[in-house]
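A.B. asks: Submitted below is the structure of interest, expressed as structure tokens.
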């Protein structure tokens, strides 16, 4: 799967033009268009300050909590459907495919919806994301608890697809809005580091999910629960980790507009300093 990268990477290096640092900031755009450069670079002090930014810490926290359910569901759902619903492996995998398409759709829709609500109210992006995650969690639990037939009819497949596209997609609203918020509450030279840390935490949560799911299944089995109930309860419990994730987003709503305003003030002062140095 990585073979095409050996061709695409050098091609990208030759063809693509690296954007100027800070070019995406409205405050700096006028300065950069006049030919000045944004010369501020990443430093250890800047890294420490970025980890003192409350919004960053909250984003990391919601990521750790919110990725555990993904790991549980994506890894164990097929086995769950085989054990509890008597589905063939191909049928169960197709159910997972439908749910996966819905979550991809959610990452696209979530960005537009987040932008819309942010324009309507201060911190609206975080409010709608938290609400969407909670509603999406309920939709996911609905799929787990609903007694899907072992061989769904055409109407059943259509109903599952519509249900997933309308409701289950909500749980993936966090992705694009995390990207937007990290970009808004960190200086241009710090963002790559913060994104890197977030991706590490995100992957840790996804890795813990399958282990946690397996631990729950075995624990419930040893407690005397039937195999089917052990799978069902494990997936429901795993999904409940979206509750603290959604609650953290309400906390983010209170904090991130302040951090965003602070970054804008810093960039505004830097733009003025760059212009002064240019005229000096």
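Yeah, the Cβs are placed from backbone N, Cα and C, and that goes for glycine too.
So TrEMBL says this about it:
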- 1-256: domain 'Major facilitator superfamily (MFS) profile' (DOMAIN)
- 57-82: transmembrane segment (TRANSMEM)
- 94-114: transmembrane segment (TRANSMEM)
- 126-148: transmembrane segment (TRANSMEM)
- 160-182: transmembrane segment (TRANSMEM)
- 194-217: transmembrane segment (TRANSMEM)
- 229-252: transmembrane segment (TRANSMEM)
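Have a look at these and tell me how they're positioned relative to everything else.
C.D. replies: The average pLDDT for the domain 'Major facilitator superfamily (MFS) profile' (1-256) in the predicted structure is 86.
Among residues of the same chain six or more beyond the transmembrane segment (57-82), those with a C-beta under 8 A of the stretch's C-beta atoms are 51, 88-89, 91-93, 95-96, 99-100, 133, 137, 140, 144, 148, 171, 174, 178, 181-182, 197-198, 201-214, 217, 231-232, 234-235, 238-242, 244-245, 248-249, 251-252, 255-256.
Sequence-distant contacts of the transmembrane segment (94-114), counting only residues of its own chain at least 6 positions beyond either end whose CB sits under 8 Å from a CB of the stretch, comprise 73-74, 77-78, 81, 87, 124-125, 128-129, 132, 136, 143, 148, 157, 160-161, 164-165, 168-177, 180.
Distant neighbours of the transmembrane segment (126-148): 66, 69, 73, 80-81, 85, 87, 95, 99, 106, 110, 113-114, 117, 156, 160, 163-164, 167-174, 177, 181, 232, 235-236, 239-240, 242-243, 245-250, 252-253, 256; these residues of the same chain sit at least 6 beyond its ends, with a Cβ under 8 Å from one of its Cβ atoms.
Beyond its flanks by at least six residues, the transmembrane segment (160-182) meets 55-56, 59, 62-63, 66, 69, 95, 98-99, 101-111, 113-115, 125-126, 128-129, 132-133, 135-140, 142-143, 148, 152, 191, 194-195, 198, 242, 245, 249, 252, 256, 260 of its own chain at Cβ-Cβ distances under 8 Å.
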